[in-house]
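See below for the structure under consideration.
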Amino acid sequence: MNVVRSEIAKLTSLRSTWVYAILLVGSIAGPVVLMGLFASDSTTDFHWNDLLIAGDLFQMLAIIYAAASTSRDLAHGMHGQAFLTQPQRWNWLAAKMLVTGVFVLVLLAVSIGISLVVAPVFGLHLDSSGATSILWAVLIGYPLYAVAAVGLAALVRSQIAAVGLPIVWMLIVEQLLASAAMIYEFLRPVAQLLPNTTFGSLTTGFAFYDYIHTGWAGAAVLIGWLVVLCGLGFLANQKRDVK
């Protein structure tokens with residue numbers, strides 16, 4: 001518990017934490033306010049997909065925050081101090097993953113709550129159909145993306161690589177592979193393992209590509225990525241010397 005309290009104290013004492021908190025909450029609630037301001041009718045129906053229209057932005061900001069904060073700790077030798085004060089090397093990294101995941105989850109819940117309160121003020125009527133599956137997907141998925149980013153940062157250690165690799169993968173590499181698999185069937189076994197495309201099928205309820213896993217199979221793909229990235233992060237943390 002001491003290591004968790006230490007991570008919480010470090011989290012709340014940094015100004016950058018509050019900057020990211022504002023950005024993360026605003027990324028979900030901000031577009032809902034804009035939708036209400038520019039709605040043409042006095043009462044407009046909108047769905048959960050509309051409420052989470054900027055969910056991808058929240059996801060990226062969560063990944064950037066998790067990767068940047070972890071690589072910053074490594075760059076400043078914070079893990080070295082942890083090795084001296086904690087019984088096992090993995091303790092600090094596990095605490096970092098836990099605190100980061102909970103932090104992202106709390107901000108996501110706050111941003112959704114603000115959106116639900118603000119929407120009726122601007123005449124937006126929320127259609128709750130399909131809410132359960134979407135909510136479960138994002139409330140579990142977004143924090144776990146942040147946890148995986150902590151594992152990646154522990155593996156690569158470079159702040160540029162830890163932040164840049166997942167963003168380039170999500171925005172460029174994965175999009176190219178998913179599109180190419182529509183044309184070249186030999187790429188489909190690889191495309192079936194694409195994490196962000198699979199996650200999109202879980203949050204929307206349908207697959208953008210007919211070969212993408214949905215339901216529990218899609219969840220298994222995401223869990224596999226999480227286990228691999230976190231496992232490699234723990235392994236690197238265990239084996240590498242402190243510089």
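Glycine residues also receive a Cβ, built from the backbone N, Cα and C atoms like all the rest.
Unlike curated entries, TrEMBL annotations are predicted automatically.
The following features are taken from TrEMBL:
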type	residues	note
TRANSMEM	18-39	transmembrane segment
TRANSMEM	51-68	transmembrane segment
TRANSMEM	98-122	transmembrane segment
TRANSMEM	134-156	transmembrane segment
TRANSMEM	163-184	transmembrane segment
TRANSMEM	216-236	transmembrane segment
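Contact check: the transmembrane segment (134-156) against the transmembrane segment (51-68) gives at least three Cβ pairs closer than 8 Å, residues 6 or more apart, which meets the contact criterion. Remote same-chain partners of the transmembrane segment (163-184), defined as residues 6 or more beyond its termini with a Cβ less than 8 Å from a stretch Cβ, comprise 60, 63-64, 67-68, 71, 149, 152, 156, 190-191, 194-197, 208-209, 211-212. Through the fold, the transmembrane segment (18-39) approaches residues 46, 50-55, 57-58, 61-62, 65, 104, 107-108, 110-112, 114-115, 118-119, 121-124 of its own chain, all at least 6 residues removed from its boundaries and within a Cβ separation under 8 Å.
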